Every structure is written in structure tokens, then in C-alpha cells.
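To start, the structure itself, in C-alpha cells.
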Amino acid sequence: MGVESIDTEYTVNTTRDHFKSGTAFHSYYDDTFSYTDTVELSVAVAAPGSREWRPRVKEWLVLICISILTMLVAFDGTMVIPFIPGLSLTFGEPLSSTLWLNTCYHLASVTGQIFFSILAEVIGHGPLLVAASVLSTVGTGVCGGSLQLSELVAGRFIQGLGGGGIVSVSLLCLPENIPDKHLIRFSSYVSRVRLAGAILGLVMGTLFYEYIAWRGAFYSSFFFCALGMLVIPFAIDLRGHRGVSSRTLLKMDWLGAVLTLLGLCSLLIGISWGGTSYPWSDWRVLTPLAVGTSSILALAVYETTWAIRPFFHKNDFRTLPVLMMYTGSFLHGFTLFYHLQNLTIYFIFVRSLPLPLTAASLASIIALALLTLTLTEKLAVLDNRRHCFWLVRVGWMLLILCTGCLVTLNSTTPTTGWILILVATGAGHGCLLSGFKKCLRPAPVPRDYGEQEERSVNPTSALLMCSLFRTMGMCLAVTVSGTLFLDRVAVELEGQSFESAQGQATGTAWASIPEDRFRSTCAASLEFLWLVLTGVASLGGVSSVFTRTVG
């Protein structure tokens, strides 16, 4: 790291020390640059006889602005989950194609988080937050005006690009206004609002789809877009940075970002086509899988060897606890969306529940996660650095147990049984969300600032990386679980496709009650999927053994 400099601002009650790492791009040109390391972290140090730091109007405005925008992102991310099968029927497209509505959204979100994080170091946070909000609004308009599935997928990609930008820039705005000591606590407030947005997305999106029109579900997010755009000018500095040289722009990690997008997109295409559109041994499946794997390997070599300012800096992965935390975040995102997508299939095709009840059942998982997250934040014993990582272990144990119990679900399972499973599943997800944040404790501020040691992990960097890897997990979960389900249905029906079997079973609509054979086929296919997810959750449990408090 470079030489540390300290800027001190004197207020009435506190002395606020800003530690600016010497790795900022305008003052440091060493090859070991990390974008997320350049974020200015504020540490509030109480002056003698003064009270503890409290947020002022400016900080509350920033928090409200970020909360509204992250609620928009969560709303857009979950609203289409319950009625994706219905959209498949509306557009007359196979289910495998309709699943790209969620895949594209999360793929674009990953892209947006990377590119906007890079640009934030050059342009500034205010202009980029406005740009991300505009992109999300434009994507919403494209989705609402779509006439065919391809246009709707394009609109979802634009939505996701803006949503990813909102997430990354919001995480970068927090440390500019919140002292380092309180950063994790205030980011937890934003997480709660984001969970509330996910609940609203599931419920409101389904109600609009069921009782008004599917376009109304997308148009409803205009409310959050308008509200966010209204608050941004009062909360965020829109002036940005000036005088950016072309030399600085050229040194940005554009190639690393492109390799990430290329690798992830190629893998998703190969997995999506495998077994559904083409056999797994077909060159049209093997080629994108090979390109994706090669791109990821090339990314790893480039970031560690040639990149001047790598986005995935090796310092972010240098310790086992940090690496396991990122792995756990990826597996958690995978598990969460795997649950939501396949429980939707279970409720619609096996239980034959009405769409509003399906959405309410899915929302109960998020609601229990929100409740668990709120309660665990109130327990003082969990703030201890020696105890907080147990939340991660308890969360994974609950998810392993609940996912194993999901294997037993079929059309005759008592309602009380699957409700209890949903309650425990939501509690498990809430424990993981709370545990990962509590493990990101910033290092205590030394009394002798001249002897300050480099912290083991930048909390802002860790928050960004956890968010990025969790989104990657969600993206892969949609494609992997969808492909596995469609493949298993074809196996159970001796080569007959899901769409043809569904058409014979329901005749006109997927909301109709399927025949017994089709219901049993879906239940048997889901049983295999739950076994796979139990294995994935077990990997998460293994990673939690090595998870420790970092900072």
C-alpha cells in the first residue's frame, strides 16, 4: 500500500479523520492497484468529552436515496419470478427461452456492478448514479412496450445494467458519508430495505399480472424510478470528477471486465442449450462452454500478471477467511434463487396453487429472512467478533436441513409441512445475510496513527465483492436449475419435451390443473433438483467452517 495521509475535519462534537490510501489513481501509479481500495473510508473518532457520531440530515438523505434505489433493484429482480411460466404461454415461447428474462437481468447486473465500479473512480458517484437510474427507467419502458419475447429480454438486460450500477455506486457512496465504524450497520439498513423491495416485487408484480396485465407489472416500477430520481439531486453531489486524462482511462481494467462478461455469458449459453435445444455432446453446446471456461482462466492469469489496475485484485483473495466469505456469498445467491425458481414450479405445476398464493408463499421466505436479519442485528452477543461467524454456520445448517426436506415434497404433502419448511428456509437465508455482514468488521483505529497498519480487508471492497459474487450465483442458478428441470422432465417422459407434455396435460393454460402423470413427473424432476441443491448447500456449510471475522 502507499503512504497514508490524514485529513482532519473539525466539527462541534467530533473530529473526523479521513484515511486516504496512497493507492488512489491520481497519486499512485504502482501496478498493484485495486479499484475498490481507492474508496475513501471515514473513521469517526470522538473528541474528548464529546458524544458518539450521529448521522446528520445529509447522511440521512443519502441513506434514503440509496434505500429507494436498492428497493427498485430488488423489485425488478423478483417481480417476474412467479409469472415466468405464464409469460411463456403469452408469447408462445418455450420455458427455456422465457427463463432468460431472469438470466439476462442478473447477467447485466454483474456487468453493471463491474463497469460502474470502474467508472466511479474516474467520473464520480453522482453522475453515475443518475446514469444508472436512467438506464433502469429506460429498461422498464422497453419491457412495458415489448411486443415479443426478444424485446422483453432486451429490456430486462437494460434494467439489469442500471440495477447493477445502482448497487455498486450505492455501496461506494456509503463510505463517503458514513464513518467506517458504522459502515456495516448502515449497510444492514439498506439490506433490510432491499429485502422489503423483493417482497413487494413478488406480490405487486403478480397482482398486476393476474388482475390487470403483464405490462402493468413492469410499469409499476416507474414509481420507484421517479422517486429515486427525485431524491438523488438532494442527496448526492452531481458534479463528479473533472480533468480525467486519457492515460488514466486506458489504464482501467476494461479487458478484465470484458473477459468476465464473455466468460459468464458463454457458460450460460452453453448450459442453457445443453440437453434442451441440443445434446450435451453437440458442438454448439461444447463450443460456448469451452469459450467460457477459457475466458475465466484467461481472466485469472491476466488479473494476477498483466493488469495494471486489476478489478479482481489478488489482495482481495489473499486470506482463506475472505476467500471463503466470497465463496459463501456466491453459493448463497445460487441457493436463494434456486429455491425461489423451483418452488414456483412446485406450487404451480404440482400443487396447482393460484398465482397470488404462489407469490405469497415465495414472499414468506423473504419476509422470514427480513425478520431474522432484523432480530439478529438487535442481539448484542452476536456483535462479538468471536461469535458472529456462527450465524453463517447456523444459516447453512438450516438451509441444508430444509433443502433435504424439500426432497419429500409432492402433490399430497400437507400444507403445514411445506409452510414449516418455508419458514425455516427464510430463517436460514436471513442468518446468512446477517452473518456475512457482521463478519466484515473494520479493524480498530490505532491510537498512534503514525503506526497504523494496513487493514486485512477493505470493508467497502468486501461489500462490493460479496454483492458481485452473490449476483453471479443468482445468475447461474436460473440457468442451471432450469436446464436440470427440463432435462429431468424429458427423461421421466421418455424423451417427450416439457412443452409438449404440458400442452397435452393442460390444453390451454399452465394455470389449469395438470393431469396426474404430469404432476408426478414434475414432482420427480424437482426431487432430483433438491438433491443437487442439498449438495450445493453442503459446500456452503463446508465454506462456513473456514469463515472468520475479517478486518
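Cβ atoms here come from the backbone N, Cα and C positions, even for glycine.
The domain 'Major facilitator superfamily (MFS) profile' feature in TrEMBL is assigned to 62-551.
What TrEMBL records for 60-84 (among others) is transmembrane segment. Long-range contacts of the transmembrane segment (60-84) within its own chain (CB-CB distance under 8 A, at least 6 residues past either end) are made by residues 95, 98-99, 101-102, 105-106, 109, 129, 132-133, 136, 140, 156, 159-160, 163, 166-167, 170, 173-174, 177-178, 186, 189-190, 193-198, 200-202, 204-206, 209-210, 214, 217-218, 220-221, 224-225, 227-228, 231-232, 234-236, 340-341, 344, 355, 358-359, 362, 366, 474.
What TrEMBL lists as transmembrane segment is 99-120 (among others).
Annotation source TrEMBL lists transmembrane segment at 127-147 (among others).
Summarising the annotation, TrEMBL assigns transmembrane segment to 153-174 (among others).
TrEMBL lists 195-212 (among others) with the feature transmembrane segment.
Taken from TrEMBL, the feature transmembrane segment applies to 252-273 (among others).
Annotated transmembrane segment per TrEMBL: 285-302 (among others), in sequence order.
For the transmembrane segment (323-349), the residues of the chain that approach it from at least six positions outside its boundaries are 78, 81-82, 84-85, 102, 106, 316-317, 355, 357-358, 361-362, 365, 392, 396, 399, 403, 409, 422, 425, 429, 432-433, 436, 439-440, 462, 465-467, 469-474, 476-478, 480-482, 485, 502, 510-511, 514, 518-519, 522-523, 526, 529-530, 533, 536-537, 539-540, 543-544, 546-547, 550, judged by C-beta separation under 8 angstroms. Residues or ranges marked as transmembrane segment by TrEMBL: 323-349 (among others).
Look at TrEMBL and you will find 355-376 (among others) tagged as transmembrane segment.
Positions annotated as transmembrane segment by TrEMBL: 388-409 (among others).
Sequence annotations record features per position, and here TrEMBL assigns transmembrane segment to 415-436 (among others). Remote same-chain residues near the transmembrane segment (415-436) are listed as 188, 191, 195, 325, 328-329, 332, 335-336, 339, 343, 361, 364-373, 376-377, 382, 388-399, 401-403, 405-406, 408-409, 466, 547 (criterion: CB distance under 8 Å, separation of at least six residues from the stretch ends).
Here TrEMBL flags 528-547 (among others) as transmembrane segment. Listed as Cβ neighbours of the transmembrane segment (528-547) (distance under 8 Å, sequence separation of 6 or more from its ends, same chain) are residues 320-321, 324-325, 327-328, 331-332, 334-335, 338-339, 342, 389, 392-393, 395-397, 399-400, 403-404, 406-407, 409, 435, 439, 481, 484-485, 488.
Annotation: stretch 195-212 has the most Cβ pairs under 8 Å to the transmembrane segment (355-376), among 153-174, 195-212, 285-302, 388-409. Only sequence-distant pairs (6 or more apart) were considered; of these, fewer than three Cβ pairs between the transmembrane segment (252-273) and the transmembrane segment (153-174) are under 8 A, so the stretches are not in contact. Counted over residue pairs 6 or more apart, the CB atoms of the transmembrane segment (99-120) and the transmembrane segment (195-212) come under 8 Å in fewer than three pairs, which marks the two as apart.
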